[in-house]
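Report on the following structure.
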Amino acid sequence: MFAPLLKKLFGSKNEREVKRMLKTVSIVNAFEEKMVALSDEQLRGKTAEFKERLAKGETLDQLLPEAFAVAREAGKRVMGMRHFDVQLIGGMTLHEGMIAEMRTGEGKTLVGTLAVYLNALSGKGVHVVTVNDYLARRDANWMRPLYEFLGLSVGIVSAFQPPEEKRAAYAADITYGTNNEFGFDYLRDNMAFSQDEKFQRELNFAVIDEVDSILIDEARTPLIISGQAEDSSKLYIEINRLIPRLTQHIEEVEGQVTQEGHFTIDEKSRQVELNEAGHQFIEEMLAQAGLLAEGESLYSAHNLGLLTHVYAGLRAHKLFHRNVEYIVQDGQVLLIDEHTGRTMPGRRLSEGLHQAIEAKENLNIQAESQTLASTTFQNYFRLYTKLSGMTGTADTEAFEFQSIYGLNVMVIPPNKPLARKDYNDLVYLTADEKYAAIIADIKESMKLGRPVLVGTATIETSEHMSNLLKKEGIDHKVLNAKYHEKEAEIIAQAGAPGALTIATNMAGRGTDILLGGNWEAEVAALENPTAEQIAQIKADWQKRHQQVIETGGLHVIASERHESRRIDNQLRGRSGRQGDPGSSRFYLSLEDSLMRIFASDRVKNFMKALGMQSGEAIEHRMVTNAIEKAQRKVEGRNFDIRKQLLEYDDVANEQRKVIYHMRNSLLAAENIGDTIVEFRKEVLDATISQHIPPQSLPEQWDVAGLEASLASDFAIKLPIRQWLDEDDHLYEETLREKLLSEITTAYTEKEDQAGLEALRTFEKQILLRVLDDLWKDHLSTMDHLRHGIHLRGYAQKNPKQEYKRESFSLFQELLESIKRDTIRVLSHVQVRREDPAEEEARLRREAEELASRMQFQHAAAPGLGSEQLSEEGAEVAVASAPVRNDQKLGRNEPCWCGSGKKFKHCHGQIE
C-alpha cells in the first residue's frame, strides 16, 4: 500500500545506489585536472604508487577515486576514449561485486577496464570471462595497450595452448579467456600429478561479459572431463531402425483419442513417453531383432541399458529436429545454442542422445564417455572471492542472480536517452498471414531506405523467410549458424541504407550495428589506404549515417517471441544504440510454438470474440500481457530446473571440495609416509574387525577368512591359526599388535630394497592414481543414483533427502576404498632398486602421457528423471581420458596376481 508512495519519495533502490555512486564520480572528476597535468611516465608511475599504498594498509575502496581517474586519463591518451560519468558508475558496480546492466553501445568493454585495473593492483590476478575465443582475443588485444601503458601484464588462455604459454597467461595481472576454458583448467588442475603442472592461481576476481548467457543460459551445462567407455554403436544403429515404426498417440483436451499410437509427447516439458501399447510393441520388435530374450521385460534390471537406448532413439527422432536444435556439418552433429543461435562445436548431448542423433542422420557414431571429473558453471564461479558481470539484459533475471550467486543487478543509466519506438505485438491466426505481414513491413521500410533486421528463432525460419524474400525479388543477407563465417562482414553493413538482414539470435550479442554501415570495416578492406581515401570513406559514411537517421534508424522485425524475454530484449537492443532513432515490432501467430504451447487458448478465444477474419491482426495490450505471462511461466520453469540441478550438484560439490582439498594437500606434501602408515593401520583394523568382531569369543573368529584377506589386501601370508594354537595369551588386542608389526616389517624391507626417497615418490603417485580412479567410479555411481532417485517419490519419500543420505553413504565408502586400495597396491607391488631421479622422471612421463590423452568437450547436463522438471540429454562440457593400448586384461577382469580383485583395483592401478 505504502510502497508506491515511498518509492516516489525516496526513489527505487537502483536510483538510490546511482545517487550514492554519483558522489564518488564527483571525487573522480575532481582528480581529472591533476591527471591531465601528469606526463606519461608520471601517469604510469601511479600504478607502482598504488601497489605500495596497498602494501602499507590502504584498501582498494580508498584507492578507487584516484585509480579510476588514472584509468580514465590513460584511456584518453592510449585509446582516444574518455570514460563517461555513467561508465564510472558501471566500473564501481563491477568493483562492488554486482552485475551492471548497460544498453547496447554504452561501452561495456571500456567500463570493465576501470574495475579490472583497480583489482589487478592487488597482484592476485583478475579473470575477464567471455563467451567465445574470438571475443576473448578481440577484447584482450583491444585493451592491451591501455593496461600495458599502466604497467600491467595481459594474458589470453585458449584451448590447445602449450602448457608453458598457458601458465604465463595465468601468471599475468589480467587474464582473458572463455568460461569453458577457465572451468576446464580448474578441473585439469585437480587432476595434475605435481604442483608444477597446475595452471591457475587463487580464484580472486572475475568480470564476466554477457553474464546472463554464462550464469543463466549455460547453468545447466556441466563441465566434464571424460574417458572413453565401451562402444555401443551397433546397438544405436539397430534401435534407430526400429524407432520409425512407432507412432504418436494423440488425445484431444476432452480426452477423446484422435490417433491410437505407441508414445505421447509433452511439448512443454520436452518429454516423450512410451504407453502400454508402445512397451508391448517395442519389446516384440526387440525380440525379433535378437536384442531382447523372448518373454523378457524391457524393465528387467539387466535390460535397463537397452531401455535407455530406446528412449534416446525416441527423443532423437521426435524432439530433436535438423536445422532447429542442430545442424549436420562435415559429417558431425553440431548443436545450436537456443539462446545465441550459434553452433557449439565439441559440445555433445549426454545419456546416448547425441549418438542416437548420429544414428538417425546416418553418420559415424562416436564412442560414449565416462566421467572422470566434473563441475558446473554455477559452482565454479562461486569459488571466486569476488564475482561481477556485465550485460545488456539482466534485470529480468535479477531474482535468480541474487538467490543463486548472491549478485545484485544494477541498471546503469544510459549516456543518452533511448529514442527507439517499440510497437505493440501484432498477432495473426496463421503463420502464412504473419509472414505476409512481415514482407509488407519490409517493403514499406525499404521504400524509405531504412535498414531492416529480421530476427528469427531458428535456422529453419530464417531460411523460410529468405525463400519468401527471393520470390518477391528482394535483395537480402542471411546470418545464421550455417553461414557464421560471414558474420563480421554481414553485421558491418547491416545498418547501411536499405540493407536487409535476416538473422537468428546470433545477431543478439557482441555486435554493434552502426547506422550507415561500418566505415572502419571499409577501411580495413583496403590495402594500404591513404589518408585521402580514409577521409573520403568517412565523408561518404557520414552522409549515409545522416540519411538513415532521417528515415527513422534501424527497424527490427521479430518473426516470433522467444521463451525468454531477455532474448527478445537483446534483439530489440540492436536498434537505438547511444540515443540513435529506431523501432521494433514483433509479429506472432497462433501457430508459433510459444503461443501454441503456452498462450493460445486465451488469445484464440479473444480473437474469436472479436470476429477476426483471415489476414487481420490483433494489436492489444491484453494480448501482449498474455504473451509476457506465458514467457514468465517458461522462465519460472527453467529457473526451477536450474535451481533443482544446483541443489543436487551442491551435494556432489561438497564432496568435490573434500576430494580436491585432499588431492591438493597430497601434491603440496613433500612426504606422505605418515599418511600411508595411518592408512595401513586403519585398513588393517577394518580387515581384522570383519573377521574378528570386537569383544567376541575365539570360537566366533573367522581365522581362515582373515588369513585370506591379509594375503589379498597386504600380500602377506601369516600362520594366524598356528600362532593361536601355540600361544594361549594371544587375544584380540595383542593379535592386532602382532599383525601390524608383521605387516610394517614387510613394508620396511620394501623401503630398504627400493630406497626411501624413491618409495615416497611412488607412494604419492599411487595414492593420486587410486584417488582419481575411485573418484571417477564414484561420479558414475552418483550419476546413476541421481537419474533414478525421483522414483523414491512414489514411496512417499523426499527424493532430495534420499539423494543426500545415499550419496553421503557412498562418499564414506569412497574414502574407505581410497585407503584400502592404496594399501593393497603398495603391498602387492614388487620393487627393484632404481635411481630416485630416474624413478621420478619415469613416473612424471607416465603422468604426462595420461594427461595428454584426455579429451575436453562440451556435452549435455544430465536430467533428474522424467518425473521432475528436467531435460534429459541436456548439454554438458566433456573431456576424455587415456586408454592404454597395451592393456591385455579388461579393467573388470580378475587381476593376474591372484588377489581375487578386479584388475582396475589391483595391478591396473600401477599400470
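Note: Cβ is positioned from N, Cα and C throughout, glycine not excepted.
G105 (ATP binding site) falls outside any helix or strand according to DSSP and counts as coil. Annotated ATP binding site per Swiss-Prot: Q87, G105, E106, G107, K108, T109, D512, in sequence order, evidence recorded as sequence analysis.
Positions annotated as region 'Disordered' by Swiss-Prot: 861-880.
Here Swiss-Prot flags C895, C897, C906, H907 as Zn(2+) binding site, drawing on sequence analysis.
Neighbour counts were taken as the number of other C-beta atoms within 10 angstroms of each residue's C-beta; across the binding-site residues Q87, T109, the minimum falls on T109. Cβ neighbour counts within 10 Å, taken over all protein chains shown, single out E106 as the most crowded of the binding-site residues E106, D512. Within 8 Å of the Cβ centroid of the ATP site, not counting the listed residues Q87, G105, E106, G107, K108, T109, D512, the chain contributes M102, T104, L110, V111. Of all the binding-site residues listed (G105, G107), G105 sits in the most crowded Cβ setting, with the most other Cβ atoms within 10 Å.
In sequence order, G90, A100, M102, D209, M390, T391, G392 constitute the residues six or more apart from K108 (ATP binding site) in its chain with CB-CB distances below 8 Å.
The secondary structure of Q87 (ATP binding site), as reduced to three states from DSSP, is helical.
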